[in-house]
Amino acid sequence: MSKEHHKYVEVPVACIILIGLFALQHYGTHRVGFLFAPVVLVWLLCISAIGLYNIIHWNPHVYQAFSPYYMYKFFRKTQRGGWMSLGGILLCITGSEAMFADLGHFSQLSIKIAFTFLVYPSLILAYMGQAAYLSQHHIIESEFSANCNYQNVITSEKLRWPVLVIAILAAVVGSQAIITGTFSIIKQCSSLGCFPRVKVIHTSSKIHGQIYIPEINWLLMVLCLAVTVGFRDTRRMGNASGLAVITVMLVTTCLMSLVIVLCWQKSVFLAIGFVFFFGTIEALYFTASLTKFLEGAWVPIALAFIFLIIMCVWHYGTQKKYEFDVQNKVSINWLLSLGPSLGIVRVHGIGLVHTELVSGIPAIFSHFVTNLPAFHQVLVFLCIKSVPVPHVKPEERFLVGHIGPREYRLYRCIVRYGYRDVHKDDMEFEKDLVCSIAEFIRSESVAPGSVNEDLVKDDDKMTVVGTCSSHTEGVQMREDDADNIEAAGPSELKEIWSPPPVMKLRKRVRFIVPKSPEIDTGAREELQELMEAREAGIAYILGHSYVKAKQGSSLIKKLVINYGYEFLRRNSRLSTYALSVPHASTLEVGMIYHV
């Protein structure tokens, strides 16, 4: 195909491939993932074979280029021109890490083995082959001079099309790795409160790391199509990709020095030496890539700036909202002044008040009590926290404590999830929650003060309690149909039953409590009331807050809070917990926060 006609085909075909790639994302990488390893393997073997042929055929002495002497000689001869050329060869390193962009799918050992014995040797042979070819053809003006690696392939009719197909498939695999890596990063940022909440779909029932985020997927597609249509050539794309990758490498090197000192407990001088050695090399490439700023390298800087603004606005608004909750939370003295009935009618059932506070009583509770004359007989202030670890052990899932005296039947429960943990459905969650509260009541009655406790504000004592499966020797809960009650448990267990249900269709709930050690009468009454409330049902009370900048705030703060954060809040997804609760049992309480 002539060069004039080629430009009219290249961009549309690339766009079609991109659209097809992003359209397949919702099926999950596990459905086509079995093709990734063979494609990458064949591609690496292909480029290494081409490179080895070029080395043998054109210049077998190219291996001498490994000597640092030639690097020194090159810079001494070319000077500023040689330094500027570094910004144009970053594509040599921007593709190799793309295969492992989603580190959640690979172990450290697999990456080490793959890079050491396959990826690195293949890349070295490919680039040595290109150097060998250029050493004999650098004077010849050719339209294929930029693709010297394919010069031998292009002249061979038999090899041209197979290599082209493998190259396209390898590019698709690399793009897929970047896409899935982006999904994982966005999910972790969202879990840590640094990015607006988005819809996360787990595409694999076996591997939790394989996820799909629709909003990010289509946003990526639009950006990729815009770059492809806007640039139309790989040179400017290479400049954009090169600056992005070398910036990431430079930042990673700086952060690695902190890991050496803080995590590995090594000498500060070792960290300084590490940064000096690797940072000098990367800074050389970084400064060279900045010279390509107007030739495409501005794109990643602009995108990074936009996403930085989004993350800063969201984090700032979330932080101000949390600070308002902390400053306006209700004191224990106010609660004690209401008495055990809280000054209102206590109706049957369990009320789960969702809050972001880990201590104190949220302002939304006083707002609710002030406007409604009734509340549930058992109140649980529920706080869902995402912690910066992959998984939280089941035996450390719940933190449970009393709020006020025991006769108030007020509890605080903090549920901790890792960023790779999967939230259970509402039925399993309710069972684990009630069971953990029952186990807390038993453990507090048996050995008060001897359990693992963390002291927090407002004199709350939080006890670490696991899920039902993690404390098999503790309290267990069973729910049976009223007409089909199971036989009593083993002789070493005694059962605490709730009263016979009024309605036939309601489930009958019972606790199975170990005989030893004995629990006191107050704990038995507390468990009895908890079971009555569980049979009556659970209501989810969600606070719906509107954040506004208070009067007298600066113009920038008003723009950030009233427009920026409010826009992101209205267009972001609800929390995972809010999405999983049954809508028929959900009550939203609205309140305006002036921050």
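Heads up, the Cβ atoms here are built off N, Cα and C, so glycines get one too.
Per TrEMBL, the features are as follows:
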type     : residues : note
DOMAIN   : 4-336    : domain 'K+ potassium transporter integral membrane'
DOMAIN   : 349-594  : domain 'K+ potassium transporter C-terminal'
TRANSMEM : 9-28     : transmembrane segment
TRANSMEM : 34-56    : transmembrane segment
TRANSMEM : 81-101   : transmembrane segment
TRANSMEM : 113-134  : transmembrane segment
TRANSMEM : 163-186  : transmembrane segment
TRANSMEM : 211-231  : transmembrane segment
TRANSMEM : 243-262  : transmembrane segment
TRANSMEM : 268-286  : transmembrane segment
TRANSMEM : 298-317  : transmembrane segment
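For the transmembrane segment (298-317), the neighbouring stretch richest in Cβ pairs under 8 Å, chosen from 9-28, 163-186, 211-231, 243-262, 268-286, is 243-262. Note: the stretches the transmembrane segment (34-56) and the transmembrane segment (163-186) are in contact (3+ CB pairs below 8 A, sequence gap of 6 or more). Per-residue pLDDT, averaged along the domain 'K+ potassium transporter C-terminal' (349-594), amounts to 73 for this model. Of the two recorded stretches, the transmembrane segment (9-28) lies close to the transmembrane segment (163-186), with three or more CB pairs under 8 Å once pairs fewer than 6 apart in sequence are set aside.
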